[in-house]
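Q: Quick one: structure below, then a few questions.
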Amino acid sequence: MLIPSKLSRPVRLDHTVVRERLLAKLSGANNFRLALVTSPAGYGKTTLVSQWAAGKNELGWYSLDEGDNQQERFASYLIAAIQQATGGHCSTSEAMAQKRQYASLTSLFAQLFIELAQWHRPLYLVIDDYHLITNPVIHDAMRFFLRHQPENFTLVVLSRNLPQLGIANLRVRDQLLEIGSQQLAFNHQEAKQFFDRRLSSPIEAAESSRMCDDVAGWATALQLIALSARQNHTSAHHSARRLAGINASHLSDYLVDEVLDNVDVSTRHFLLKSAILRSMNDALIVRVTGEENGQMRLEEIERQGLFLQRMDDTGEWFSYHPSFGSFLRQRCQWELAAELSEIHRAAAESWMEQGFPSEAIHHALAAGDAQMLRDILLNHAWGLFNHSELALLEESLKALPWESLLENPRLVLLQAWLMQSQHRYSEVNTLLARAEQEIKGVMDGTLHAEFNALRAQVAINDGNPEEAERLAKLALDELPLAWFYSRIVATSVHGEVLHCKGDLSQSLSLMQQTEQMARHHDVWHYALWSLIQQSEIQFAQGFLQAAWETQERAFQLIKEQHLEQLPMHEFLVRIRAQLLWAWARLDEAEASARSGIAVLSTFQPQQQLQCLTLLVQCSLARGDLDNARSQLNRLENLLGNGRYHCDWISNADKVRVIYWQLTGDKKSAANWLRHTPKPAFANNHFLQGQWRNIARAQILLGEFEPAEIVLEELNENARSLRLMSDLNRNLLLLNQLYWQSGRKNDAQRVLLDALQLANRTGFISHFVIEGEAMAQQLRQLIQLNTLPEMEQHRAQRILREINQHHRHKFAHFDEGFVERLLNHPDVPELIRTSPLTQREWQVLGLIYSGYSNEQIAGELAVAATTIKTHIRNLYQKLGVAHRQDAVQHAQQLLKMMGYGV
């Protein structure tokens with residue numbers, strides 16, 4: 001819940017001096033990216049900008065305090081301020097900020113700018129007191145903000161010092177409007193106007209000018225002169241002499257003498273007590289100061305000119321001028337030390353009554369009241385956790401003694417979930433074990449079940465599925481239905497374990513249950529996770545169309561709940577890329593993989609390993625080995641500089657082994673095979689993939705017998721567990737083994753099985769990646785004209801893909817190749833004496849690649865009759881009568897040139 005006063009522009013008071021000369025300068029602010037107003041405290045920065053902002057409807061205002069160094073809090077208020085300025089135009093960004101569903105501040109701002117691209121009118125955001133920001137992450141994000149904000153957007157920053165926002169760069173590019181303390185200082189005319197409005201008796205212009213010079217135009221000093229003159233009934237000139245040459249460091253002494261010592265005791269206590277509030281309203285004042293009518297007292301203090309300012313148009317919220325508020329808080333610690341804890345307790349209670357637990361925690365911490373802090377956390381901690389107020393919660397829990405946590409074990413559970421969210425898995429188990437050992441009496445069964453649900457999540461994250469399953473089952477046996485969050489966690493973990501064990505149908509059922517529960521209780525990250533798992537399971541079962549449709553539901557959920565910046569979004573686009581790759585939609589697959597990398601742009605580079613693997617896969621399917629090698633260099637660098645889950649390594653190894661196969665790099669394959677782990681089982685698609693990598697390397701090295709043993713066992717497991725996509729992949733690799741070992745009939749048999757299974761999976765690229773050996777077999781099958789219609793159609797499609805992406809290596813008779821061929825000493829004499837034209841060589845290459853006459857005509861963009869003429873001519877020159885003879889002739893030429901066909 002946001003405090004309204006932090007988003008309200010200060011109210012313009014009637015007795016303030018209108019700074020016409022500075023307003024004229026600010027009138028051109030829309031021509032600059034940044035308008036920067038800097039000066040020490042008390043020079044009128046806020047007053048000036050509030051005058052300039054008057055009448056501007058499309059302007060947001062954000063008043064900072066020390067608590068805004070929390071990234072999540074900063075983001076929520078900044079987006080809310082822009083929402084006020086735009087009338088709710090940026091709803092997606094607002095939802096992401098409120099639910100903390102963004103990867104970083106920069107990624108949230110990137111989404112904001114996408115929405116603001118549709119906003120075409122001038123727009124302003126004022127950030128007041130930016131000097132309070134000390135968090136370097138926020139500084140970095142605001143530099144990003146300034147670099148990328150729309151041209152019609154102006155950021156206005158008020159600060160006591162030069163902020164770390166890349167000011168020099170903006171200044172050089174003439175994108176910075178600056179107003180500093182020298183310009184903010186009152187001139188003689190403004191000082192005269194000021195005193196005329198504040199003093200009951202007018203003073204001469206010369207005296208006003210002299211006093212202005214004495215304090216160097218410092219607005220706070222002028223205000224103190226007027227206040228002192230009114231309170232003490234002395235001349236303004238006397239006060240001016242006391243203030244001459246004073247600076248902020250000596251201001252405290254002056255404020256004690258001239259302000260605090262000149263108000264009655266009741267007002268003095270009111271000022272000191274109320275100053276602990278960063279913002280205040282009637283209810284807070286009544287509780288903190290004991291005054292019966294807080295609103296009336298605030299208005300009275302305002303009329304006395306005691307540095308109190310309204311923060312909204314309704315006059316409900318107030319705050320002290322920052323310098324005066326800081327001074328009062330310091331005096332409060334000295335003068336009311338014995339009462340200070342009680343004052344903070346009263347503030348915490350009032351904030352709680354108004355529904356602001358974060359502010360209440362701030363005061364409970366300041367009061368050092370562990371019991372109050374505990375009570376606030378017991379009632380509101382889980383809400384704060386779900387809104388990612390993690391830093392505040394961690395600070396609060398550290399402030400509680402361990403004994404207090406033991407007396408309230410749900411707070412121990414909260415601390416453990418905080419550790420889990422930070423991937424501190426070993427600490428989670430240590431904490432829970434210690435708590436169970438030291439909690440006095442019999443531990444509540446439901447709480448124990450919640451502990452087990454969390455432990456189950458930690459176990460599966462840490463790669464221990466057996467322990468995860470045991471704990472998840474224990475949790476589900478004991479958790480009441482009302483404990484929905486822990487039940488969602490335990491059900492999800494159980495489903496994931498069954499996925500790892502190869503029990504796909506039961507795993508799918510549990511993930512569907514998880515989705516239903518998560519949607520019902522608005523636990524959106526688990527709803528998304530369950531959809532991703534369902535899609536993976538359906539892919540493994542060979543139901544790729546069903547997997548596609550599940551992914552569509554996941555994308556819709558991301559859009560509806562603004563989950564675009566969760567790391568899980570990368571998981572979804574990655575499995576979409578895998579599916580697109582399988583269907584040979586390579587451009588779309590590559591785009592999806594790159595969008596996954598973009599989602600992870602603010603994370604460590606190691607997190608991008610899976611998407612980078614897919615980019616290599618796309619290059620390999622296209623036959624672009626140079627690009628694949630470049631990407632592999634980066635991939636192998638990441639592998640050497642991080643620790644990864646076994647399935648991540650298996651996926652990375654897959655593209656490495658395929659690359660070695662395509663380049664004939666037996667040395668690398670042999671070295672890898674010596675060191676790679678050999679899993680004990682192959683009962684899920686992760687382990688199947690690793691064993692398939694091993695078999696592929698063995699085939700490359702000519703180790704056909706051990707490779708066949710591996711593949712036959714993989715097929716047996718895949719059939720029993722219904723891992724149909726893995727079975728399809730295994731059959732293709734077994735086909736290559738039979739083909740290379742000369743067992744042509746066996747090769748044809750398993751290829752027919754693979755083609756039939758592909759009717760279900762839709763696989764294309766898995767065939768294409770095997771290159772010319774696959775193309776030769778498919779040509780033979782097509783020419784036999786015995787394939788069923790669907791298999792015939794798929795075989796032709798695969799041949800076209802191989803021809804498109806691999807023709808340059810095998811079947812593309814370009815000019816350079818033909819020139820080398822004609823100069824070869826073993827070239828047939830018939831070709832040397834009756835050479836083919838360049839077009840006839842192209843036609844021969846396409847015939848060899850399995851193209852029909854119509855397809856050749858389409859490829860070369862000529863009439864079918866022209867193709868028939870070319871074919872008749874090249875048959876005559878080659879001395880052949882039939883198409884199959886031409887294919888065999890082309891194959892002999894390629895072999896002669898050293899191509900392994």
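Cβ coordinates are placed from backbone N, Cα and C, and glycine is handled just like the others.
So Swiss-Prot says this about it:
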| type | residues | note |
| --- | --- | --- |
| BINDING | SER39, PRO40, ALA41, GLY42, TYR43, GLY44, LYS45, THR46 | ATP binding site |
| DOMAIN | 829-894 | domain 'HTH luxR-type' |
| DNA_BIND | 853-872 | DNA-binding region |
Q: Could you give the mean pLDDT over the DNA-binding region (853-872), rounded to a whole number?
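A: So the average pLDDT across the DNA-binding region (853-872) works out to 87.
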Q: Pull the DSSP breakdown for the domain 'HTH luxR-type' (829-894) and write it out as helix, strand, coil residue counts.
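A: Taking each residue of the domain 'HTH luxR-type' (829-894) in turn, the totals are 51 helix, 0 strand, 15 coil.
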Q: Could you name the residues, excluding SER39, PRO40, ALA41, GLY42, TYR43, GLY44, LYS45, THR46, of the same chain that surround the ATP site, i.e. Cβ within 8 Å of the Cβ centre of those residues, in sequence order?
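A: Output for this site, in sequence order: ARG160, SER181, LEU184, ALA219, THR220.
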Q: What does DSSP say about LYS45 (ATP binding site): helix, strand or coil?
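A: SS state of LYS45 (ATP binding site) = helix.
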Q: If one looks at the chain holding THR46 (ATP binding site), which residues at least 6 apart in sequence have a CB under 8 angstroms from its CB?
A: PRO10, ASP128, LEU158, GLN309
Q: Suppose we draw a 10 Å sphere around the Cβ of ALA41 (ATP binding site). How many other Cβ atoms does it contain, all chains included?
A: 19
Q: Return the residues near GLY44 (ATP binding site) by Cβ distance under 8 Å, restricted to its own chain and a separation of at least 6 in sequence.
A: ARG19, LEU184, PHE186, ALA219
